[in-house]
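**Student:** Attaching a single structure in structure tokens format; questions to follow.
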Amino acid sequence: MKLFIDTANVNEIREANSWGVICGVTTNPSLIAKEGRDFVEVVKEITDIVDGPISAEVISLDHEGMIKEARELAKIHKNIVIKIPMTIEGLKAVKVLSKEGIKTNVTLIFSSAQALLAAKAGATYVSPFLGRLDDIGQDGMYLIEEIVRIFDNYGIETEIIAASIRHPIHVEKAALAGAHIATVPFKVLEQMTKHPLTDIGIERFLKDWEKVPKK
Ligand code: E4P
């Protein structure tokens, strides 16, 4: 499974990239707003850090507007992927953009029917939102399992990005379910590095090392 980072914070992206674990970035309007910086400026900076798919989201609700925004964003860098919300207008935009060779990530997917439609329209990626389903008492992971199975049944090439990840277990279970990618907040990437037995192990090795006779 590939790991993307889910943030628009360039310091977090730079740090995670230095660990050698991420190969893409996803942003959304809320993540961009948190940075208090110009959208295009941030996206350009991200393309200088990570050499992989970088999702940037459109804000228009009509397909003509989405297509216009997408064409402009796609000019920024070859790695830009256009994030399009899962609506009928979004599907129309995906159809046109995929014919133009512009990659798309259909976002705000909450059912396998939505994922299937996005794939049929030509989406490069679909982003089912695990955590937000869990938040309303539904089983987000079951949605990932369903989409994996449906795409496998029909040899659909659209890649599944497990999104709205809240903790390391989401990443582990999404990997077990067969999601192609998980897009992970920096805080969760950090949590993934940790285990109490690792810390105890290091402490013990260092203590024992003090007993080794030194010349
Ligand atoms: C996905 O690409 C989204 O940016 C993200 O995963 C949304 O997650 P949230 O539910 O934590 O906002």
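For all residues, glycine too, the Cβ spot is worked out from N, Cα and C.
Per TrEMBL, active site, schiff-base intermediate with substrate is recorded for LYS83.
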**Student:** Write out the long-range same-chain contacts of the residue listed as 'active site, schiff-base intermediate with substrate', meaning residues 6 or more apart in sequence whose Cβ is under 8 Å from its Cβ.
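**Tutor:** Once residues fewer than 6 apart are set aside, the residue listed as 'active site, schiff-base intermediate with substrate' is near THR26, THR27, ASN28, SER55, ALA56, GLU57, VAL58, THR104, ASN105, VAL106, THR107, SER127.
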**Student:** Let me know the DSSP-derived helix, strand or coil state of LYS83 (active site, schiff-base intermediate with substrate), please.
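**Tutor:** LYS83 (active site, schiff-base intermediate with substrate) sits in a strand per DSSP.
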